Amino acid sequence: MSNIQVLASSQLCDKIIARPTTKFHPSIWGDRFLHYNISEQDLVCKQERVEELIQVVKKEILSSNHDQLKLIDNLQRLGLSYHFESEIEKLLEQLSIGTHHQNNNLHDVSLRFRLLRQSGFKVSSSIFEKFKDEKGNFKESLITDVSGLLSLYEASHLSYVGESILDEALAFTTTHLKAIVANSKDHPLSHQISKALETPLRKTIERLHARFYISIYEKDASHNKLLLELAKLDFNVLQCFHKKELSEIMRWWKEHEFVKKFPFARDRMVELYFWILGVYYEPKYSRARKLLTKVIALTSITDDTYDAYGTIDELELLTKAIQRWDINCMDKLEPEYLRTYYKVMLESYEEFEKELKKEELYKLEYAKEEMKRIIRAYFEEARWLNEGYLPRLDEHLRVSYVSCGYVMLIATSYVGMHDIVTHETLDWLSKDPKIISASTLLSRFMDDIGSRKFEQERNHIPSTVDCYMKQYGVSEEEAIKELNKRVVTYWKEINEDFIRPTVVPFPILVRVLNFTKVIDLFYKEGDDQYTRVGKALKESIDALLIDSIPL
C-alpha cells in the first residue's frame with residue numbers, strides 16, 4: 001500500500017522530507033536458513049556412495065545397448081546429466097546421425113527431436129509431417145496415444161520462429177491433453193500432463209523438475225534401481241551443499257544488517273538464492289553462485305531505493321557517485337542511508353575482487369560497468385516518475401531494457417565461472433546477441449505484467465504496459481495480450497541461438513536460458529512472486545532447500 005512518509009533528518013538540518021514509501025511484507029523465513037546443522041560424516045558417506053553409483057552407471061548402463069532415448073531422457077529428468085556430460089554428448093551424436101525417418105512412433109520421434117534440438121543439434125521439424133492427414137491436420141488417431149501427445153507437446157516448445165507445424169502441434173496437443181486431464185483424472189499420466197501443461201520442460205527449472213520426476217520414476221515398474229538410488233542420494237547431497245551455501249550468505253546478510261539499515265527494501269535473501277540456484281546448481285559453480293546472489297541482493301536494494309524510497313535529489317547525487325565509483329564521494333552523500341548504501345556497494349565489490357585471480361578481474365570490471373549502466377537507467381525512470389512523464393514504448397525500452405537488470409546479472413553470472421568465460425565471451429555479450437535481447441525483453445515484459453497489480457496500488461514508474469496502452473490507444477487487457485504474444489516469440493528466438501555451431505560455449509548460453517526459466521516461475525500468470533511471495537514460490541523453495549527425499 002502506498003503512502004507518504006515524512007522524515008525529520010538531522011543530516012538534512014532538520015528539513016522535513018516527504019518521500020514515497022511502499023510496504024513490503026517481511027521475510028517469511030526468519031532465521032530458518034541462518035544455521036547449517038548437518039552431520040558432515042553422514043554427508044561424506046552419502047557422497048562416497050554417489051561416486052560409487054556414478055561409476056557403476058557409467059560401466060553397466062551407459063556402456064550397454066540400453067534404450068538410448070529413454071536413458072538420456074531419464075538422466076536429464078532425474079537431475080543427473082551433469083555427472084555424465086561427455087557420455088550423453090556421445091549418445092546424442094550417435095542419435096543425430098542415425099536413420100530414424102522410418103520410425104512412426106510419435107513418442108519416440110518427438111523425444112528424439114526434443115533431446116537433439118535442446119542440445120543444439122540440427123533436426124528438422126518436417127519429421128512431424130508424417131503424422132498429418134491428407135487435409136494437413138494432425139491425425140485424429142493420435143488422440144488415443146497419450147504418451148505420444150505428451151512427448152509431442154514437450155517437443156513443440158523447442159520451436160523456431162516461423163515453424164508453423166510446431167505451432168500447430170502445440171495447439172493440437174494442448175487441446176487434447178487438457179481434455180484428458182479433465183475427463184480422465186485417474187489416467188496414469190494425468191499428473192505428468194498437469195505438470196507439463198503448467199510448465200513445459202523447456203521452461204522448467206532443472207532441480208525442481210528432478211524433485212518431481214524422481215517420484216514419477218520410482219512408480220514406474222521398469223525403473224532402474226541404481227539410477228533411482230543415485231538420483232535420490234544426489235538430490236539430498238546437493239541440497240545439503242546448497243543449504244550450507246545459503247547459511248553463509250544469510251550470515252553475510254545478517255552481519256551487514258541490511259534489513260535494519262534499509263528497512264524500506266524487500267527482505268528476500270532466501271528467494272534470491274533460490275533464483276540464482278535456478279541459474280546454476282552444480283557444485284563447480286559455487287563461487288559464481290555466491291557472488292551473484294550477493295550482487296542480486298544489492299541490486300534489489302538499489303531497485304527499491306530508486307523505485308520506492310529515494311527523492312529525486314538524493315538519487316541524482318547517488319547516481320553521480322556510483323558513476324565515479326570512488327569511496328571519497330561518500331562524504332558528499334546525504335542523508336545517512338545513501339552513505340551506508342554507497343559504502344556497502346563499494347566494499348562488496350572489493351570483497352569480490354579478493355575472491356578472484358588477477359587474470360579474472362577484467363570480468364568483474366565488465367560487470368561493474370553494467371552495474372553503473374543499470375543505475376543510470378534507474379535514475380532516468382525515477383526522473384520520468386518525478387516529472388509525470390509517460391514515454392513512447394520505444395523510448396521506454398531503451399531505458400527499461402537496461403533497468404530490468406537482466407544484462408547486468410548475466411554479465412555478473414559469468415564472473416565466477418572460471419576459465420570457460422573469456423574476453424571473447426564478454427565481447428559477444430557486449431554486441432547484444434539475439435538470445436540476450438530476446439531473454440531481456442521477455443524478462444522486461446513478464447516483470448511488468450506480473451508486477452502490474454501491485455504497482456497500481458502506488459505511484460509507480462511507467463511500465464511497458466502503460467506505454468503500449470498510450471502509444472496504440474488500447475486497453476490494458478489488449479496491451480498485455482500483445483506483450484504476451486511477443487514473449488512467445490522471444491522463447492523461439494532463444495531456441496534459435498542454441499543451434500550448433502554456437503558462437504560461445506554451450507554453458508554460457510545455458511545460463512541465459514536458466515535465467516529465463518526463473519523469470520517464468522517468478523512472474524508467470526500475471527503474478528509477481530518475488531515482491532509478494534506466494535504459495536507456488538514457497539513450495540518450490542521448500543522442495544529444493546527444506547524437504548529431503550526419503551531414501
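Start at 1 and count along the chain as shown; that gives each residue its number.
Cβ coordinates are placed from backbone N, Cα and C, and glycine is handled just like the others.
Given the ranges 23-27, 173-177, 303-307, the record in Swiss-Prot names 303-307 as motif 'DDXXD motif'. When Arg266, Arg392, Arg398 are compared with the (2E,6E)-farnesyl diphosphate site residues Asp303, Asp307, Arg444, Asp447 in Swiss-Prot, the one appearing in that site is Arg266. In the shown protein chains, 20 other C-beta atoms lie within 10 A of the C-beta of Asp307 ((2E,6E)-farnesyl diphosphate binding site). Sequence-distant neighbours of Asp303 ((2E,6E)-farnesyl diphosphate binding site) (same chain, 6+ apart, CB under 8 A from its CB) are Tyr378, Gly405.
Counting every protein chain shown, 26 other Cβ atoms lie within 10 Å of the Cβ of Arg444 ((2E,6E)-farnesyl diphosphate binding site). Summed and averaged per residue, pLDDT over the motif 'DDXXD motif' (303-307) gives 95. Distance between Cα atoms for Ser451 (Mg(2+) 3 binding site) and Arg444 ((2E,6E)-farnesyl diphosphate binding site): 11 Å, as a whole number.
Those residues noted as binding (2E,6E)-farnesyl diphosphate (Arg266, Asp303, Asp307, Arg444, Asp447) have their most widely separated CA atoms at a distance of 19 Å.
Listed in sequence order, Phe24, Ser300, Asp304, Tyr530, Thr531 are the same-chain residues at least 6 apart in sequence whose CB falls under 8 Å from the CB of Arg266 ((2E,6E)-farnesyl diphosphate binding site). Sequence-distant neighbours of Asp447 ((2E,6E)-farnesyl diphosphate binding site) (same chain, six or more apart, CB under 8 Å from its CB) are Cys404, Ile519, Tyr523, Asp528, listed in sequence order.
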